[in-house]
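*Asks:* Input: one structure, supplied below.
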Amino acid sequence: MTAAPLKVAFAGTPEFAAAALEAILAAGFEVPLVLTQPDRPAGRGMKLSPSPVKQLALAHGIAVDQPSSLRGEEQRATLAACAPDVLVVAAYGLILPRAVLDLPRFGCLNIHASLLPRWRGAAPIHRAIEAGDTETGITIMQMDEGLDTGPMLMKHAVPIGPADTTGALHDRLAALGAQMIVEALRRLPSGELVAMPQPAEGATYAGKIGKAEAVIDWQCDASSVARAVRAFNPFPGAVASLRQVPLKIWFAEPVAGHGEPGTVLVADADGIVVACGTQAVRLAQLQKPGSRRLAAGEFLRGFPVSAGERFEAAAR
């Protein structure tokens, strides 16, 4: 006799999590409850907007709870009432107390976008690109009370290409995470998934991205600047100010060149070449306030730039 599919409660908020929820539903698992962050102001009108996970859950007729904390008895009772076999967590944004971790029969599984223990924390994709890592991946882990410190059940690596942005890598990892969590849920009841403790060495922390750190520091070497531009694409977008106008930089590549950091060396249809602490970068896609992203040639027609001009230094 075939065992009934697991009853899976789900906790997540952004698109990364929605991909996993969609895969879980498509695989036929019963999802009695979805937890997601409260609606947040978004868009030009700053109207309250539901998370991608909430939108997906409502479209499937699934009950949604949006607590600001899981530490209260009422929130735990809501989860307990649906009697889940397992709680799947993906980019949820709230801390799970011990009482919640212990509630499901098979505990809580987390989909984390790095090869743990490297890049524990809120922004593993950004930080992997920014640091120049050549690979990252997905780890499915059994959650404990620490920050991404629980034992690992599954792990799969993917390469980081030289042109990968956080946006592109996010989409690949979201698809991989969705595939892996379905496999994990299918294998979980049999006990064949072996929980491996994370290594004591190699742990790093992927701190939340602040808009201030997206300001380009021209004193850095060209490779670091180019990686930062890729890491902060699409959020929050790397920023550099010229003539006191904040410009978003969406694509940059290291090139030969030298000069005072921040100085424009060349400005033509191929791009704006700017000196860095070591070598230079070519800015090939830019955006001024109130406009759209433009290739360098088109950008320069509306915002002329000359060799010798200098971008403002990043605040220290």
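Every residue gets a Cβ built from N, Cα and C, even glycine.
According to Swiss-Prot, the (6S)-5,6,7,8-tetrahydrofolate binding site annotation covers Ser114, Leu115, Leu116, Pro117.
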*Asks:* Of Leu115, Leu116, which of the binding-site residues has the most Cβ neighbours inside 10 Å?
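*Replies:* When each Cβ's neighbours within 10 Å are tallied, Leu116 leads.
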*Asks:* Need the DSSP three-state call for Leu116 ((6S)-5,6,7,8-tetrahydrofolate binding site) to compare against my parser.
*Replies:* coil
*Asks:* Determine the minimum-neighbour residue: among Ser114, Pro117, listed as binding-site residues, which Cβ has the fewest other Cβ atoms within 10 angstroms?
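*Replies:* Comparing Cβ neighbours within 10 Å for the binding-site residues Ser114, Pro117, Pro117 has the fewest.
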*Asks:* Once Ser114, Leu115, Leu116, Pro117 are set aside, which residues in the chain still have Cβ within 8 Å of the Cβ centroid of the (6S)-5,6,7,8-tetrahydrofolate site?
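*Replies:* Going along the sequence, the neighbours come out as His112, Arg118, Trp119, Arg120, Pro124, Gly137, Thr139, Asp148, Lys155, Gln198, Gly202.
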